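Visitor: Here's a structure for you.
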Amino acid sequence: MRRELFRKIKRVVVKIGSRVLTDDEGALDMGVIGRICGDIASLRRQGRQVVLVSSGAIAAGRSELGMTEKPRTIPHKQAAAAIGQTRMMRAYEESFAPHGLKVAQVLLTREDLASRQRFLNARATLDALLGFGVIPVINENDTVVVEEIKFGDNDNLSALVTNVAEAGLLVIMTDIEGFYSADPRSNPDAVLVPLVQGITREIERAAGGSGSSVGTGGMATKVAAAKKAAKNGVPTIIVPGKREGIIATLMAGQEVGTLFLPLDACLNRRKHWLAYSLKPAGRIIVDDGAREVLLKKGKSLLPSGVLRVEGRFERGACVRVCGSDEQEFARGLSDYSSSEIARLAGQRSSRIEAILGYRYGDVIIHRDNLVVL
């Protein structure tokens, strides 16, 4: 199955974690980087295009600056990222050069992907670079980003990049063999799970949540990334990044790591952007009847189904849609501001103009701008 699945894939996103790129002292491991670049060069010779999402800038900068511990303040993280990113790019440039490949640095923030125009510009840039045979190396722009607009980690970023790049496969390279039934570092009975078809709450619980002293993402963030990629119809494979020839091994269809297969029902690219690239500005709490209609019938959200609104936002903002239990089940672009929704909650659509003195339409969120998660 794996051989047939991977044979058809022409564009791959490869995400490399900090623990893969660095040695035990936290310095860049040029031997590992060289081997990975050699593997990627082999994919290029097969006619496949590769987009690299690389962690390691802060770790590399920390080593260059002589920091003995992971930086904790934002200025220290950004200083480490500033010096580390140049070191990372130099390492990739030197490692790809013997294979006749050039690299390009692409630094993104969440705001870049939240704007539909900038999102499409990023897609066009990646298409152009790949057309020239260049390897784009993507990282979050840690030097300028603030906590409120961070992607969170590069696992999340790599899942979003699969949509930007219109890729057919996401490869996440980490420091363990793949996804286990429990944490193998603390549970000797943990077993490797070779295939996951549908990410359930049990799978998410088994993933845990802790990261490392070098990177920011644990297995939980990798499973979350696989879930987002699956919603885009893209399979994800988590593999041991330091193993020699690992990319060639997995692309040959051999059973290595953990393969997450996409869901049967996936989102179109615009709705995937809406669900995962935008940062929600508030919450709309709806009654059980509205929740049922949105989940099972794919209808628009009417004011009559709204119980209350939380947060302050303007018309056109992305908002979470939650049931009466306050659990999020959908996201969408609101046709009305939070103050307007507060006045319209529980009312019939026919009364919108009487209440506000104007109307933008009959719905709070149109079904075309609503995504069930």
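From the backbone N, Cα and C atoms, a Cβ is placed for every residue, glycine too.
Look at Swiss-Prot and you will find Lys15, Thr174, Asp175, Thr216, Gly217, Gly218, Met219, Ala220, Thr221, Lys222 tagged as ATP binding site, backed by sequence analysis. Annotation comment: Swiss-Prot describes Ser55, Asp142, Asn154 as substrate binding site, evidence class sequence analysis. Sequence annotations record features per position, and here Swiss-Prot assigns domain 'PUA' to 281-359 based on sequence analysis.
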Visitor: Looking at the binding-site residues Lys15, Asp175, Met219, which ones sit with their CA no more than 10 Å from the CA of Asn154 (substrate binding site)?
Guide: Lys15
Visitor: Tell me, if you would, which residue among Ser55, Thr221 (binding-site residues) has the fewest other CB atoms within 10 Å in the structure shown?
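Guide: The binding-site residues Ser55, Thr221 were compared, and Thr221 has the fewest Cβ atoms within 10 Å.
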Visitor: Among Ser55, Asp142, Asn154, recorded substrate binders, what is the largest CA to CA distance in Å?
Guide: 11
Visitor: If one measures from the C-alpha of Met219 (ATP binding site) to the C-alpha of Ser55 (substrate binding site), what distance in angstrom results, rounded to a whole number?
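Guide: Answer for this pair: 15 Å between alpha carbons.
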Visitor: What Cα-Cα separation, expressed in whole Å, is found between Asp142 (substrate binding site) and Asp175 (ATP binding site)?
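Guide: Taking the Cα atoms only, Asp142 (substrate binding site) lies 23 Å from Asp175 (ATP binding site).
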Visitor: Provide the number of Cβ atoms within 10 Å of the Cβ of Asp142 (substrate binding site), excluding the reference atom itself.
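Guide: Cβ-Cβ neighbours of Asp142 (substrate binding site) within 10 Å number 21.
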Visitor: I need the CA-to-CA distance for Lys15 (ATP binding site) versus Ser55 (substrate binding site), whole Å please.
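Guide: Between the Cα atoms of Lys15 (ATP binding site) and Ser55 (substrate binding site), the distance comes to 8 Å.
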Visitor: How big is the gap, in Å, between the Cα of Asp175 (ATP binding site) and that of Ser55 (substrate binding site), rounded to a whole number?
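Guide: With the alpha carbons as reference points, the distance is 13 Å.
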Visitor: Can you tell me how far the Cα of Thr221 (ATP binding site) sits from the Cα of Ser55 (substrate binding site), in Å?
Guide: 14
Visitor: Per DSSP, what is the residue tally for the domain 'PUA' (281-359) in helix, strand and coil?
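Guide: Residue counts for the domain 'PUA' (281-359) by secondary structure: 28 helix, 21 strand, 30 coil.
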Visitor: Could you check what DSSP calls Ser55 (substrate binding site) once collapsed to helix, strand or coil?
Guide: coil
